[in-house]
Amino acid sequence: MIILKNENEIDLMRKAGKILGETLNLLKEKVRPGITTTELDRIAEEFITKHGATPSFKGLYGFPASLCISVNNQVIHGFPGSYELKDGDIVSIDCGVCLNGFHSDAARTFGVGNISEEAEKLIRITEESFFKGIEKAYVDNRLTDISNEIQQYVEANGFSVVRDFVGHGIGRKVHEDPEVPNFGRPGRGPKLMAGMVLAIEPMVNMGSYRVKTLDDGWTVVTADGKLSAHYENTVAILPNGPEILTLIK
């Protein structure tokens, strides 16, 4: 069941989203060769709790950390450890923040030091595909209008969208209905309505869209070992169009 949010609830999510956007901006400054993924997790959790909120992911389904940190061919759900980021890596950081009972969810992919032109393009196209998608995030459009726009843009640029994992509704729970795929034919799925809040999150692979899960039960990697990027924001569907709740310029 899709749960519509009223103006007050969206305002609460806006506040959670602001903390999350600021967290990701801080992490962007901290990403550098030599820093461990555990240190990034510590920085994020400290910043979130200092602002009176809690990390949404820690303990969710038994997840052990505040951040999902996925490096290079890792797609999503990597968890922090002793790995030191290296020059040329790309790192996807996915984070959630809960404030006053409402969640926000967002992800960014950053280059570490000097990265290849192809890796830069992958990160850029992944981010741009999100913004292409939300051009369709208007009342009375269909959910897969967003999905199709993302897929068309990604594939036109020579990359592929992950199909085994999708975006989702969000609110009092991190994961709510509906599922928000990044692929599919337009004109399908539920009609978009004012009060929907969606976590829209293109996951884009340099090679095949196929993925697999490692033996740790969490970390999802590309099946062909090629790079993957992830970009996500929490988006409210309002009567006059979409509002991104987790993007702080």
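First residue shown is number 1, and so on along the chain.
Using the three backbone atoms N, Cα and C, a Cβ is placed for every residue, glycine included.
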Among Glu232, Glu243, which residue does Swiss-Prot name as a further divalent metal cation 1 binder in the site formed by Asp94, Asp105?
Glu232
Site-mate of Asp105, Glu201, Glu232 for divalent metal cation 2 in Swiss-Prot, selected among His77, His168:
His168
State which of the following binding-site residues has the fewest other Cβ atoms within 10 Å around its Cβ: His77, His168, His175.
His175
Listed in sequence order, residues not in Asp94, Asp105, Glu232 with Cβ within 8 Å of the centre of the divalent metal cation 1 site Cβ atoms:
Cys68, Cys95, Gly96, Ala106, Ala107, Ala199, Glu201, His230, Asn233, Thr234
Sorted by position, what residues of the same chain at least six away from Glu232 (divalent metal cation 1 binding site) have a C-beta under 8 A from it?
Asp94, Asp105, Ala106, Ala107, Arg108, Phe130, Gly167, Ala199, Ile200, Glu201, Pro202, Thr246
Would you mind checking how many other C-beta atoms are within 10 angstroms of the C-beta on Glu201 (divalent metal cation 2 binding site)?
26
Please report the DSSP secondary structure of Glu232 (divalent metal cation 1 binding site), reduced to three states.
strand
How long is the line from the C-alpha of His175 (substrate binding site) to the C-alpha of His168 (divalent metal cation 2 binding site), rounded to the nearest angstrom?
6
